[in-house]
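Feature annotations, courtesy of Swiss-Prot:
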- 30-216: domain 'BPL/LPL catalytic' (DOMAIN)
- ARG69, GLY70, GLY71, GLN72, TYR73, THR74, TYR75, HIS76, ALA149, ILE150, GLY151, GLY162, LEU163, SER164: substrate binding site (BINDING)
- LYS146: site 'Lowers pKa of active site Cys' (SITE)
- CYS180: active site, acyl-thioester intermediate (ACT_SITE)
Amino acid sequence: MVEWITSDAPVPYPLAVAEMEARANAIAKGEAGEAVWLLEHPPLYTAGTSARESDLRDPDRFPVFETRRGGQYTYHGPGQRVAYVMLDLNTRGKDVRAFVQRLEAWVIAALDDFNVTGAVREGRVGVWVDRPEKAPLPDGTPREDKIAAIGVRLRKWVSFHGLSINVEPDLSHFDGIVPCGIEGHGVTSLVDLGLPVTMADLDVALKRQFFEVFGA
């Protein structure tokens, strides 16, 4: 059975990484069960294994942490729900691509509870929403904003790190980076989309939809 852990106060990033790694190691050894940890961080940027230095536009704005998860630069901060997912893929299937797709499907299903249509895009990991009310890009491409980021790491086929969904963060904090290395498109949140969703509301949706996507 998956243990659900929720932290009410913002968790410092180094502490979260240490806790995740310890839990993942314990799962791999058969000494602990799987877990999903719901939390928020103080304002910070993280750099994944594919991060480009040029995508860090304002290195002095918030602390920057190098991390060994997949992906590029992302922002974490208050008003953003982070879900660290520590699952044993030895029993759930040793397929990294399928695992990431299930994380995306989980986010999309949770957003659907609030009548938000999330979508994935080829070559752009994460979940996006159409913004037809915004002017298209100069080449005519319709505007889309990112509402959720995904970046995971596996050790002995146990996952850690996970995903983040924007509920009501300060979206200007994303200006210090090129989020996930993708130029042109922006970021949004549930509240930015005009929905009075709370963190507790999202947590209920995440828990319900997790079992639909991943099972027990």
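Using the three backbone atoms N, Cα and C, a Cβ is placed for every residue, glycine included.
Just so it is clear, the model here is predicted, and its values are computed rather than measured.
Recorded features from Swiss-Prot, shown on the structure.
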| residue | record | DSSP (3 states) |
| --- | --- | --- |
| ARG69 | substrate binding site | coil |
| TYR75 | substrate binding site | strand |
| LYS146 | site 'Lowers pKa of active site Cys' | strand |
| GLY151 | substrate binding site | strand |
| LEU163 | substrate binding site | strand |
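The average pLDDT computed over the domain 'BPL/LPL catalytic' (30-216) stands at 92. In this view, the densest Cβ surroundings among the binding-site residues ALA149, LEU163 belong to ALA149, judged by other Cβ atoms lying within 10 Å.
Geometry remark: LYS146 (site 'Lowers pKa of active site Cys') versus TYR73 (substrate binding site), CA distance 13 Å.
Residue pairs drawn from ARG69, GLY70, GLY71, GLN72, TYR73, THR74, TYR75, HIS76, ALA149, ILE150, GLY151, GLY162, LEU163, SER164, the listed substrate binders, are separated by up to 15 Å at the Cα level. In this structure, of the recorded positions ARG69, LYS146, the smallest number of CB atoms within 10 A of the CB marks ARG69. In sequence order, GLY48, THR67, ARG69, GLY70, GLY71, THR74, VAL125, HIS161, GLY162, LEU163 constitute the residues six or more apart from GLY151 (substrate binding site) in its chain with CB-CB distances below 8 Å. Other Cβ atoms within 10 Å of the Cβ of TYR75 (substrate binding site) number 25 in total over all chains.
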